[in-house]
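Below is one structure, written out as structure tokens; comments come after it.
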């Protein structure tokens, strides 16, 4: 609904509520002015100016990339430097003339030209070791600009550059280990995003931090320090811990942390879902060749210190955030037991796999399958509450994905799968009837004379 | 503080960083010792900086069996290659170390891969940026007459190397900074 339409509707509702005695007449103007003060999404002129700045920034990047030899190095440097200064000075002038849309667009172009200038210098001196570090330096420059103004469009650029940096280094075979420098950059950007109420930035930061977590685990897994199941378990716990931590901040009304929590929740559930894949692959291999049992250790792994260090740390964060929410947000208490149970299952899954051994692969697959189904159902039930639609939606998506997956892959043979679905279906029907009876009893108790 | 002043400070901070970057590289390029290396280029394109020629020289792939110095290197670790000129003026690796050597002209790099007999390393000398036409011409020359091209490098006292230009059929091609 557009703001003007909302205002018209609110005016009518307010008049009706004042007539009905629900709202004091003297509060009418204050309520309407509060609507006027609230930050707007964007205007047509602002959007066009920002899009224009984006295209001009791309023109500058392409111009530098073309390495046009008709202009000397010094002329090109002066051109880029001059434009950068002109953008920032014009931006200050535009803000002073109460033209914020133009001011933001020019500041965005100025911040973009900072990166263009770094690329130009790197090109002039044939630098080859800079190529991803440039994104981090550029992001720092953009964050500085965004904080000084403050400017949401420039902050979006900073988040985009930070996420691009961690993404590029993830796929860079020469990346120097874990990118710890991303964390302070991320933290500063996320605080700025929360203060400036930038949802786009929050979503970009969510992508960045999740890529960073995957990068961290990949670094451990490629050295053989984590097996496939251990990697899956740590990923589930890492995403679960960050989801719970972000949700705790969301509970305290920190803007943008809802988006961060939603991304982390989705990735945690997706990680749980794909944890089944190595088990399926092993069972298929075992069916073709009995000697494949020797490969079980590669999947289950051994209880090395690296696993328990990582998994234990994330489990502690998750438990701490869960306890915090339990104490400060009573409405979230129903989620405590399913979350703890799922986290413990993820933590102990590699040990359980090692203990059962490769011969009991079917039992393990059924256990994991049941846990995924149970978690999906718990989320759907939790999502039936007001304001928890995203959680419910993710639960439904997980349930559908798991159902199709089990049907496609089958547990043992088709008869076993059919029996699995039959028992599951009967259990859900029974649960549904129990819930209906419980609700009726609660309604009857509430209506009975005391 | 007024917003205009704050934006000027941002622009000044960005400019100071860029000027420091330019000054550092230009000083190293102009004042370092000159080393000429044989090369084998190919031309890809960078999404930001445009076309470039990938450079590979004798110091990029080193046979540890034939070269003096240390025998063990770790991935991501430091490598110091002592270089000496041969009869035709091309500089060749003479020894490799994991710590800076006490004498000789050396180039500092980072180890990419290492085995008992070979080590490959990067020295910030792996790209030569050019416009599309020049990059393709260099690639064509590589296919037809590889020996006609050499890389001119400036090496500072701490071993950091910066590309100064190319030597094509004995003629120096060095783009002036100014």
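Don't overthink the numbers, they just go from 1 along the chain as shown.
Cβ atoms here come from the backbone N, Cα and C positions, even for glycine.
TrEMBL annotations: computationally assigned, not manually curated.
Here TrEMBL flags A:15-154 as domain 'DUF2157'. Taken from TrEMBL, the feature transmembrane segment applies to A:42-65, A:77-95, A:101-125, A:137-162, A:200-218, A:230-248, A:260-279, A:307-327, A:334-356, A:362-383, A:390-407, A:419-438 (among others).
Residues 227, 229-230, 232-233, 236-237, 240, 244, 272, 275, 299-303, 307, 311, 315, 318-319, 322, 326, 363-364, 367-368, 371, 374-375, 378-379, 382 of the same chain sit 6 or more residues outside the transmembrane segment (A:334-356) yet have a Cβ under 8 Å from a Cβ within it.
Long-range contacts of the transmembrane segment (A:362-383) within the same chain: residues 269, 272-273, 275-276, 279-280, 283, 334-335, 338, 342, 345, 349, 352-353, 356, 389-396, 398-399, 402, 406, 411-412, 420, 424, 428, each at least 6 residues beyond the stretch ends and with a Cβ under 8 Å from a Cβ of the stretch. The stretch from A:101-125, A:230-248, A:260-279, A:390-407 with the most CB pairs below 8 A to the transmembrane segment (A:419-438) is A:390-407. Ranking A:101-125, A:137-162, A:230-248, A:260-279, A:390-407 by CB pairs under 8 A with the transmembrane segment (A:200-218) puts A:137-162 at the top. Panel annotation: around the transmembrane segment (A:230-248), residues 209-210, 213-214, 216-217, 220-221, 257-258, 260-261, 264-265, 267-268, 271-272, 274-275, 278, 301, 307, 310-311, 314-315, 317-318, 321-322, 324-325, 328-329, 332, 339, 342-343, 346-347, 349-350 of the same chain, lying at least six beyond its termini, place a Cβ under 8 Å from a Cβ of the stretch.
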